[in-house]
Amino acid sequence: MDILNAFVALANFVIVPALAYGSQLALGALGVTLIYAILRFSNFAHGDTMAWGTMCAVLATWGLQAAGIGLGPLPTALLAIPVGIAGAAVLVLATDRVVYRFYREQKAKPVILVIVSMGIMFVYNGLTRFVIGPDDQNFADGERFLISARDFKALTGLDEGLAIKTTQALTVVVALITVALLFWFLNRTRTGKSMRAYSDNEDLALLSGINPERVVTVTWLIVAALATIAGVLYGLDKSFKPFTYFQLLLPIFAAAIVGGIGNPLGAIAGGFVIAFSEVGITYAWKKFLTYFLPESMAPDGLVQLLSTDYKFAVSFVILVIVLLFRPTGLFKGQTI
Amino acid sequence: MTRTIGLFALVAALILGTGFLQSWNSALIILNMGLVSAIMALGVNLQWGLAGLFNVGVMGFVAVGGLAVVLVSMAPVPEAWDAGGPRVIGAILFGIGVVVAAVLAWKKLGKGVRGWAVAAITVAGFFAYRALLDPAVDAIEAVNPAATGYLGGLGLPVLLAWPIGGVMAAGVAWAIGKTALGLRSDYLAIATLGIAEIIIAVLKNEDWLARGVKNVIGLPRPVPYEIDLQADPGFVETAGNLGLDATTASTLAVKLGYSLLFTAVLVVLLILAQLALKSPWGRMMRAIRDNETAAEAMGKDVTRRHLQIFVLGCALCGMAGAMMTTLDGQLTPGTYQPLRYTFLIWVMVIVGGSGNNLGAVLGGFLIWFLWVQVEPMGQFVMNLVTSGMADGSAVKAHLQDSVQHMRLLTMGVILLLVLRFAPRGLLPEK
């Protein structure tokens, strides 16, 4: 019984939150990694692209809520995601046309594009705050819990409760669908294959008649979709605040690099590695150990390896370790 | 040359214009932070313009400089030292020892065992370190938490904190450079971005060090206090002769004092930077930047030179950070934001002209001026735009509220325009 309790506690505080967070990071990292694979630079504006797409979705959600349209137990924001994606797509395509295309034609060095993306980051950041302001926005509605801690206890008779928020379950499901669609697209469709060809060998792809501008446009569209979905899921799970999205840049980059930048499978693995380490290292293990160990060995302190405020340090340390010992990432990505 | 003089004259005119049109206090506030920004930009320019190192962790080094002010100039808290001072120092020395042991183990041991050895040393070391540190920290933070709850500083003159801030930032930079400088540009950028966040997290959470988010206020000043000046009959008389009332005169005098100190530092650093740029060492750095492989073939140790200039540039940022904290008179870790302290400095360097020290200084002043003044300008524009709308309408209120976010947008647009139409900046490298 104690072992069951221990694992339920672990699931409640580590596994379920980390699965949801990992899915959000994986979707974010997929966007970063696609940009890197096709456009060949690290996009510092990705966090703010997420914020912008989410903001569009939040505004649409409010509109739907005001009109009385909802999904019952599911959050209304799900209906608003297409609007968010459209908003983000318009923004990134306009940016590409006005800004990035010029540097592509110049064949500018990747580091110049990174600096350009810093400028874009400022602009997006300003735009998002301009429209919705810098404050926290709550847009989640619908049923709060799939199963609450109390129901779980009554159901199983265990001392520990396992609460699964609707948004957490939703995050994992939506992320799974999105990733499946993405991989189907990349591996099965003509456009997807041309994208992979372009990423592998640009000259050869051009030679075989692939239109580079089309590849770039499709990439931006996919990135807009991934960023918005990741952003909306994160916002539903926690809350929407532009600055938090900017800060997500670090774990997202860490996830993309740890997995092997330019490699979509790696981005997903990286997302979960970062999420599980972050949650695991900042979790107070006292409860788990108390169930697990004999009473004489029960720990006195919280057994929290690092305080939650150091979660950035976790992504960073993993990032550095991977970069030092396996610079191509866990899955073989491109080396910068 | 005429371009340089002309652009600096423009900046001077902008700041003087602020003095004539708004107030001399605002003009001096802009000037002082402009001087500090110019030093930060010099530091980034050293790294990026001279060596091509992509450091986006400026905020972290600025914050380390700020920490130096607290550690140097605040009075020590003897009770806290008695409660746990030596234990904390011991724990930190132990932590450093663990890292050194892990690095040595990695270097000395054979391929098969070293991974496990390093893992064992770091994991065991981490738990031992926490066991040593935590009780000491609790003891220190329990000492009068409302007013102190930290170890305090050394009680030395605050001006000493500026060079020490530089040295501390250099030390941190050395440790980071040792691990991260082998990485290529994008990775280094992301690594430094992370480092900066970690430094801020440490400042926010380690209350025993500098009170964390409870802030350290009332830092000593290198210039007199306004109150003392107002009480000084000689000063009041001089002010009267200039046609100023004592209160305004005292605030101006204090700010002017900072301006003079900062100008002195900037001039010295600028001269040093120019000498470095023109020296054989500077030529070598540019040769490395332009073609690493060729420089390596000529027998230059690229990694070491990179480490050297990374440390130097970060030292400048640390010094500027110490000066800024002295100017503010308080250390508030919650106010450090990457957009303001890292990316804005980058805008300064790119707009001013990377590779040109005078360009970086110019960019520092110009961008800082715009950063401050875009808000009132935006307010003016927004008032024009919304003048036709009905009072009390939601759109009007929202638009007028949003003016404060104009500056981010403006900075982004300026950076993009410069990158597109004058990619080498306002004052290009010769």
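Counting starts with 1 at the first residue shown.
Cβ atoms are placed via backbone N, Cα and C, with glycine included.
When Cβ-Cβ distances below 8 Å are used as the criterion, the transmembrane segment (B:27-46) is approached by residues 11, 15-16, 18-19, 55, 58, 61-62, 252, 255-256, 258-259, 262-263, 265-266, 269-270, 273, 276, 309, 312-317, 319-321, 323-324, 327, 344-346, 348-349, 352, 354-357, 359-361, 363-365, 367-369, 372-373 of the same chain, each at least six residues removed from its ends. Annotation source TrEMBL lists transmembrane segment at B:27-46 (among others).
Here TrEMBL flags B:53-76 (among others) as transmembrane segment.
Cβ atoms under 8 Å from those of the transmembrane segment (B:88-106) belong to residues 114, 117-118, 121-122, 125-126, 128-129, 132-133, 136-137, 140, 151, 208 of the same chain, restricted to positions at least 6 beyond its ends. Annotation comment: TrEMBL describes B:88-106 (among others) as transmembrane segment.
The transmembrane segment feature in TrEMBL is assigned to B:113-132 (among others). Nonlocal intrachain contacts for the transmembrane segment (B:113-132), taken as residues 6+ away from its ends with a CB within less than 8 angstroms of a stretch CB, comprise 87, 90-91, 94-95, 97-99, 101-102, 105-106.
Annotated transmembrane segment per TrEMBL: B:152-175 (among others), in sequence order. Sequence-distant neighbours of the transmembrane segment (B:152-175) (same chain, 6+ residues past either end, Cβ-Cβ under 8 Å): 60-61, 64-77, 80-81, 199, 219-222, 261, 265, 307, 310-319, 321-323, 326.
Feature annotation from TrEMBL assigns transmembrane segment to B:187-203 (among others).
Taken from TrEMBL, the feature transmembrane segment covers B:256-277 (among others).
Positions annotated as transmembrane segment by TrEMBL: B:307-324 (among others).
Outside the transmembrane segment (B:344-372) by six or more residues, the chain places 4, 7-8, 10-11, 14-15, 18, 29-30, 33-35, 37-42, 44-45, 48-50, 56, 58, 266, 270, 273-274, 277, 286, 317, 407, 410-411, 414-415, 418-419, 424-430 with a CB less than 8 A from a CB of the stretch. What TrEMBL records for B:344-372 (among others) is transmembrane segment.
Using the rule of three or more Cβ pairs under 8 Å, pairs at least 6 apart in sequence, the transmembrane segment (B:307-324) is not in contact with the transmembrane segment (B:187-203). Proximity of distant same-chain residues to the transmembrane segment (B:187-203), defined by a Cβ-Cβ separation under 8 Å and at least 6 residues beyond the stretch ends, is recorded for 53-61, 63-64, 67, 172, 176, 180-181, 209-210, 212, 331, 333, 336, 338, 342.
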